[in-house]
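Enquirer: Pulled these from TrEMBL:
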TRANSMEM  21-45  transmembrane segment
TRANSMEM  65-89  transmembrane segment
TRANSMEM  110-132  transmembrane segment
DOMAIN    148-249  domain 'CAAX prenyl protease 2/Lysostaphin resistance protein A-like'
TRANSMEM  216-232  transmembrane segment
TRANSMEM  239-261  transmembrane segment
Amino acid sequence: MTEASSRGNRTPTPRRLKAEILVVLAVTFGTSALSAIVRLIGALVGGSLRDQPVSLNDALADDPWFNGALHLVRIVGLLAWGGLAWYLLRADGIRSMPGRMRAGDWAWGAGLAALIGIPGLALYVLGVAAGFGRPIDPAAMGVTAVTVVPLLGWAAANAVAEEFVVVGWLVVRLRQLWGGDLHDDARLTRRTVASIIAASALLRGAYHLYQGVGAGVGNVVMGVVFAAWFLRTGRVWPLVIAHFLIDAVAFTGYPLVAPWLESLV
């Protein structure tokens, strides 16, 4: 790992690392993963997944301004998850996660978004058609001049929370737990690298399982690419940008392609 490491960082004890990983995941995406698994089991018991659509970004209030305010509260909560990951690493002297955003991060982010997003759309269509995916409405509140701001805010908050916690923080902590000091690559074997990537990717896939098995598999693939990228470059901002672009296009562009997608599945 390159930039994710910082000279002068303090490596916590294994006991502290295990406790931190357990607690942080318990209040963030670990609990989300358990909830998603239970929801998937319930959906499987209820019949065919393709007959059980799932809605994202539902309206939280009839009044558009109250709806926006409630979504803002949820956005702040997600950003706080990302802030927690940043704070814990910074407290141990790791100052390069997330590091400064560079102009080139947008180009890399756009490339990663295309690499993940286009095959992901194909996997979604195939999954729903085959019966192991659920039809998804990513903008259930509708896309209007009033709702587009919370939708984009939700996309940004998702990106920050997921990439800061599931990649930036978790990969660093597992690297320290299983591979020792961030500047000592002696224990960073291929098996260790594979284990770190697998842990991050499987967590990402697990908390998306409420969308269906296909969504879980697709997000595992995304997780492998993103964790491997971070281990190689130490850069998290391109991942945040890629995630934001994928979600922003899905949330705001869905009404334009919904009839076409429905005709395919």
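Glycine residues also receive a Cβ, built from the backbone N, Cα and C atoms like all the rest.
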Enquirer: If you count Cβ pairs under 8 Å, which stretch among 21-45, 65-89, 216-232 touches the transmembrane segment (110-132) the most?
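Expert: It is 216-232, which has the most Cβ pairs under 8 Å.
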Enquirer: State the non-local partners of the transmembrane segment (216-232) in its own chain: residues 6+ outside its ends, Cβ under 8 Å from one of its Cβ atoms.
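Expert: Residues 1-2, 4, 40, 112, 115-116, 119-120, 123-124, 127, 163, 166-168, 171, 175, 193, 196-198, 200-206, 208-209, 238-239, 242 contact the transmembrane segment (216-232) from elsewhere in the chain.
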Enquirer: Near the transmembrane segment (21-45), which residues from the same chain, at least 6 beyond its ends, have a CB less than 8 A from one of its CBs?
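Expert: For the transmembrane segment (21-45), the list is 52, 81, 84-85, 88, 134, 161-162, 165-166, 169-170, 173-174, 177, 203-204, 206-210, 212-213, 216.
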Enquirer: Check the domain 'CAAX prenyl protease 2/Lysostaphin resistance protein A-like' (148-249) for me and report the mean pLDDT.
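Expert: Average per-residue pLDDT within the domain 'CAAX prenyl protease 2/Lysostaphin resistance protein A-like' (148-249): 92.
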